[in-house]
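The feature active site is assigned by TrEMBL to D119, H332. Per TrEMBL, the feature active site, nucleophile maps to C122. The region 'Linear diubiquitin binding' annotation in TrEMBL covers 248-252, 276-282. Here TrEMBL flags E307 as site 'Linear diubiquitin binding'.
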Amino acid sequence: MSFWPCLVKALGMGLADAKLRSLSVWSALLSEGSRLSHAPCAGKLLPLLGCPWSCPSWTQPALIFFLSVIRGTFFFSIGINFPYCLEVSNDHFDFSDAFTQGYEEVSQKFTSIRRVRGDNYCALRATLFQAMSQPAALPSWLQDPELTLLPEKLISKYNWIKQWKLGLKFKGKNEDLVDKIKESLTLLRKKWAGLAEMRTAEARQVACDELFMNEEEEYSLYEAIKFLMLNRAIELYDDKENGKEVPFFSVLLFARDTSNDPGQLLRNHLNQVGHTGGLEQVEMFLLAYAVRHTIQVYRLSKYSTEEFITVYPTDPPMDWPVVTLIAEDDRHYNIPVRVCEETSL
């Protein structure tokens, strides 16, 4: 069937729907339908939306967007997220049945996806946003009065930490490293505490949205998290050197040629986060230990394998809160949500 008869049928399925009576929605339909005209996974998503017709491949993404809006399905948010797919599909993506089935599996528990900006901070951004937006009390580790003393304590003991490379938003600034990291840790505690005091989930969500739109504060939070990751790495390394039992991931972390000790981990990995690279898989364990949250990730490329749902760490403490992410290619992370929303981060 050609494009226009398919489009007429698609629109006929939902002309009475209130969503289609909005001019803003019509505008979005037209712009997104045009923008998605070459998405390579379109043909595999149409059957999941119940489309019984065949049509030219170049028209399929537009139909996905129309059908998604009409039906209010999970794939409405996936449609919005296609631009990221387009950026990496030609070189990195195999839009196989496993990929499509992975999304279908996720849709059984979640109704949409919150897009996360695809820079080299996305793992930190997705995890921290999810953790801070949860309706929970301020974590006990953030209440520790020793928290803000960590920078001075560690830097005086390990002179190599002075090789720390501040994030992009701090480039060119000459503040003392100890003061800068202390400010970041103080900000993390203050913002998290403020969110924890909010009485409603709606207020907390709005405040969290505003926080992550303030670039100066947002990137300062990432410096704090990276420093906490380094602190945990030092603790784990010292425990291993002293013959204590350590989590298996830390053995792998320091078995790499590029990070056989915390100093190399800083220079070759943590310093690159936000600049030229993101977190590698083994470093997701370290992130989980730093924020003391279990990170559960749906890895779409691993559908039908034991790694489809990967948990960092594999055997977390029972009292750790859980954050859930979704990864298309182990490089970029988005946030699945249980209510239908069309948002980005």
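First residue shown is number 1, and so on along the chain.
Even glycines carry a Cβ here, placed using N, Cα and C.
In TrEMBL, annotation is done automatically, which means it is predicted and not curated.
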Spatial neighbours of the region 'Linear diubiquitin binding' (248-252) not adjacent in sequence (6+ beyond its ends, CB under 8 Å) are 233, 236-237, 240, 282, 285-286, 313-314
Cβ neighbour count within 10 Å of C122 (active site, nucleophile): 22
Are there any residues at least 6 positions away along the chain from E307 (site 'Linear diubiquitin binding') with a Cβ closer than 8 Å to its Cβ? List them or say none. R299
Euclidean distance between Cα atoms of D119 (active site) and H332 (active site), Å: 8
Does anything in the same chain, at least 6 positions from D119 (active site), have a Cβ under 8 Å from its Cβ, and if so what? G274
H332 (active site) has how many other Cβ neighbours within 10 Å of its own Cβ? 23
Model confidence for the region 'Linear diubiquitin binding' (248-252), as mean pLDDT, reads 95
